[in-house]
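What follows is one structure encoded as structure tokens, with my remarks underneath.
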Amino acid sequence: MSGLVAAVLLSLLSAVGYAFAAVTQSRLAGAVARDGGGTRSLAAQPLWWWAVGLNGAGALAHVGALHYGPLTLVQPLGALTLVAALPLAARRDRRRVVRAEWRGALCTLAGLVGLISVTGPAAPGDALSVHESLSVAAACGLLIAVLARGRGLGHATASGVASGVASALTQTVTASVAGALPGGAAVWWQTTLVAGLVAVLSVGGLLLSQRAYRSGLAAPLALVNLSNPAAAAVIGVVLLGETFRAGGWGWLVAAASAALAARGVVLLTRAVPSGAASPGAPAPAEPAVRVPAPGPEDRTAAGAVAPAAPAAAAPAVRAPVPAREGGTTARTAGVTATGTVPEAAAPGRLLVLPPRPPAPADSTPPAALTG
């Protein structure tokens, strides 16, 4: 297997690993938001450590791809993370990727490829000095503090900046270990400090992206992938003297690519998939059930004595009703004897009285019962 093929395969593997990690983080963000938990509760979630492992695997594959292939090939393939994450998230939500999401993803991907294509390759041994690394880390901390005040996309931008600066500082650490640090011999305690800053920025970027995914997946992931190389490019141009290819035309292509990528992020932000809710959104309330007002039959069943049925009507057969204590006449087989005051029926039960038998002609009518 040639080095170019290995670089392509490792780049694709890295993109898929990062995509699975992003979808896992988005799912975890929705679960934590619904349960009311915070960042501290992530350590108790097995899904969180699964996402950390996927991010680590993606990073290792990316480093391996850079070992076998040039940056101009590996970086555009790494941008396929966004394209791979969309169908994975749609499969999780049991829906289809809407057209606006595909348009936004393609615009963002085209902008990223345009930016990377005009970025000049770094010269061997180019790295920040220890003092420059500390200054960049301090400025990055202030910028992250400002961006983290916002929600959603602010956290996503801060995450990408943290990851981009961590990549630049990693180059400083590797150059120091190799003895090629600009400005003199390697100072081990300063190198250890820079390595600690790399670890802090990496973990901070991961936590910031976790908070960003509470507002969705596509737009935050696009901003993370966009702000990461943008931060690295700013460091390279300002501090390392790097420039864009093709002179003035390169700057023009870079500006147009940045505008196209920003347009893609806007499309992803406005895209609302049908039948999909935001991960942090509360569950929809159940519809209220209208209860009809009680009618005359319901009031009769609730305790009112029903009028006597006509003599010609057949008596309705009902379940036996126990006799009231102190009653003068017993009830048998569910039939109430003549002269007995009927008991109030249970709610929802209709009481039908049997027809009154005709009185003998020579008898005196009984007095009306009350109560």
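The first residue you see is number 1, and the count goes up from there.
Glycine is no exception: its Cβ is also placed from the backbone N, Cα and C atoms.
Between the listed ranges 160-181, 292-313, TrEMBL ties the annotation transmembrane segment to 160-181. Of the recorded ranges 73-90, 187-208, 220-240, the transmembrane segment (128-148) has the largest number of C-beta contacts under 8 angstroms with 187-208. Here the transmembrane segment (160-181) has long-range neighbours at 125-130, 132-133, 136-137, 140, 143-144, 147, 187, 190-191, 194-195, 197-198, 201-202, 204-205, 208, 223-232, 235-236, meaning same-chain residues at least 6 beyond its ends whose C-beta is under 8 angstroms from one of its own. Beyond the ends of the transmembrane segment (187-208), by six or more residues, the same chain brings 39, 42, 52, 55, 130, 133-134, 137, 140, 144, 148, 155-156, 158-160, 162-163, 165-166, 169-170, 172-173, 176-177, 181 to within a C-beta distance below 8 angstroms of the stretch. Of the Cβ pairs linking the transmembrane segment (246-268) with the transmembrane segment (102-122) and spaced 6 or more residues apart, 3 or more are under 8 Å, so the two regions touch.
Tertiary neighbourhood of the transmembrane segment (220-240): same-chain residues 22, 75, 79, 81-82, 85, 104-105, 108, 111-112, 115-116, 119, 122, 126-128, 132, 136, 140, 152-153, 155-157, 159-161, 163-165, 167-168, 209, 212-213, 258, 261-262, 264-265, 268, selected by CB-CB distance under 8 Å and a gap of 6+ residues from either end.
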